[in-house]
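Notes for the one structure printed next.
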Amino acid sequence: MGRPDPEEGQLPAPVKPPDGGWGWIVLLGCFVITGFSYAFPKAVSVYFKELMKDFHVGYSDTAWISSIMLAMLYGTGPVCSIMVNQFGCRPVMLIGGLLASAGMILASFTTNIIELYLTAGVLTGLGMALNFQPSLIMLGTYFDKRRPLANGLAAAGSPVFLSSLSPLGQVLLEKFGWRGGFLIMGGLLLNCCTCGAVMRPLDMGMKKKMGKAQDKYEAKEMLPIGGKSEEGISTTDGTKKGKKAKKKPKKGKKLLDFSIFSNRGFIIYTISKFILVLGLFVPPILLVNYAKDTGVPDTEAAFLLSIIGFIDIFARPACGMVAGLKWVRPHVAYLFSFSMLFNGLTDICSARASNYTGLVIFCVFFGISYGMVGALQFEVLMAIVGSQKFSSAIGLVLLIEAFAVLIGPPSAGRLVDALKNYEVIFYLAGSEVVLSALFLGVASYCCLNRGKKEPPPENNPAVGGGSDTEEAESDVQEAEEHSSNNHQLAHSTDNAVVVANEEANHVAEEQRGEGGGCPAGDGEVLARDGCNADQMVERDSF
């Protein structure tokens, strides 16, 4: 029996990431979400001076708005993971877009700084968190071979939006004031709902096609059975329901999968990422004040951040392309380690820069290394845990990073106030980044390479992360086993009918030998070879 087309009953091929097609639309949505998530907390700082005048507060009080946004973005990671595992990416992103927009709109009507913390800080920060994490999950679902490039392009949204939202915020502030600016910014955040709407689940259409094809396949196998087809189909349906009832507990998905902590690669990545975040964000935060203390004019000092952003725009996609090369991708963790080492050494070497030219050179190299880190951080995590457990992994990683974000930059600021020396801060931040790079490289080489030499235990999906193709093949293999069981049931039913027909022929021959012929009656069936057109055998004679 030949293998027919899917329309005629063949089970569909394994579901694989398309690496294109609708995935490019998903990538565009992820680009926008990443830009809003990382750039929006920094762009809000344009309004701080006006907020200080209206609410009669200090700069540190207004700076808490951005800090709360970032704390919500990182600290609510596990909550986002639970919601994604329970409801899916698209509904969570739609709710997140509405919350982010509502937070900024309500902030335009606030009358004190506490209300700003609750609206622009908590509500908008939570909304952006509910958009950021699911967008990365969907990106990993749609891309496999081109995933490093896709991650690099999506990460480029951060510098692009930072370079556009800050000037836009300044224009809105001059024309409409901070309240009008917040209101318009809230309207812009509604674009997050549009990005969430395009996040179509990859397996939704394929599951429907598999179900329809399987039903057609089973029906086609049962039709030639004849009078016993109804019995066979009912038996098959009963068997199918029994199997579905047995498989229901297996399909239950954990809200938050803590088994990833048994993955040594994930532990190494989490520790190195915590150390990295302690020092990664310190130089760009202190750079402008450091330049001013060395005698650089205010306008030229502010331009240094623009240099970093411009270099960052091109560094992230370029690094994604390099990471996607066949001979580089298996060693992407070491490339990530090199990018962190590059960034840390840049901080250390520029600590003694005393003129504007030296600071410009630092910004160029820092922009390259910072872009490499941004492009590779989530690609390495996807490669370690796989797309199936990525939703839980990223939530837990972001929660751990939240503590580092709250420790690193504030501690650096206090050291500056105490020591009045930026050179020590740059040495300290660079040393932390270098330490994280060395830990990731050495631990990956020593621990993971030794683990590869030992045969991995069978039936232990918690260690390591399988590829998307392997996960899809396992699902289809299960469907094929289900189809083969139904096929065997159909053949067994067919054999039973053949045996019954042979018995009918035998009875018909005996009656012909006795001269009785073949009597007709209700409930008769036609024997295949024993009687002609007018010779019938009663079903009761069997």
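Our numbering is plain: 1 for the first residue shown, then up by one each step along the chain.
Heads up, the Cβ atoms here are built off N, Cα and C, so glycines get one too.
A TrEMBL annotation is a machine prediction, not a hand-curated record.
Taken straight from TrEMBL:
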| type | residues | note |
| --- | --- | --- |
| COMPBIAS | 468-478 | compositional bias 'Acidic residues' |
| COMPBIAS | 485-494 | compositional bias 'Polar residues' |
| COMPBIAS | 503-513 | compositional bias 'Basic and acidic residues' |
| DOMAIN | 23-448 | domain 'Major facilitator superfamily (MFS) profile' |
| REGION | 228-248 | region 'Disordered' |
| REGION | 454-527 | region 'Disordered' |
| TRANSMEM | 21-40 | transmembrane segment |
| TRANSMEM | 63-84 | transmembrane segment |
| TRANSMEM | 91-110 | transmembrane segment |
| TRANSMEM | 116-137 | transmembrane segment |
| TRANSMEM | 181-202 | transmembrane segment |
| TRANSMEM | 266-291 | transmembrane segment |
| TRANSMEM | 303-325 | transmembrane segment |
| TRANSMEM | 332-353 | transmembrane segment |
| TRANSMEM | 359-378 | transmembrane segment |
| TRANSMEM | 390-412 | transmembrane segment |
| TRANSMEM | 424-448 | transmembrane segment |
Which of 116-137, 181-202, 303-325, 332-353 contacts the transmembrane segment (390-412) most, counting Cβ pairs under 8 Å: 116-137
Interface-richest range of 181-202, 266-291, 303-325, 359-378 toward the transmembrane segment (116-137), CB pairs under 8 Å: 181-202
Sequence-remote partners of the transmembrane segment (181-202) [C-beta within less than 8 Å, at least six residues beyond its ends]: 15, 17-18, 22, 25-26, 28-30, 32-33, 36, 40, 47, 88-90, 92-94, 96-98, 100-105, 107-108, 120, 124, 127-128, 131, 134-135, 138, 141-142, 169, 172-173
Segment-level pLDDT (mean, integer) for the domain 'Major facilitator superfamily (MFS) profile' (23-448): 84
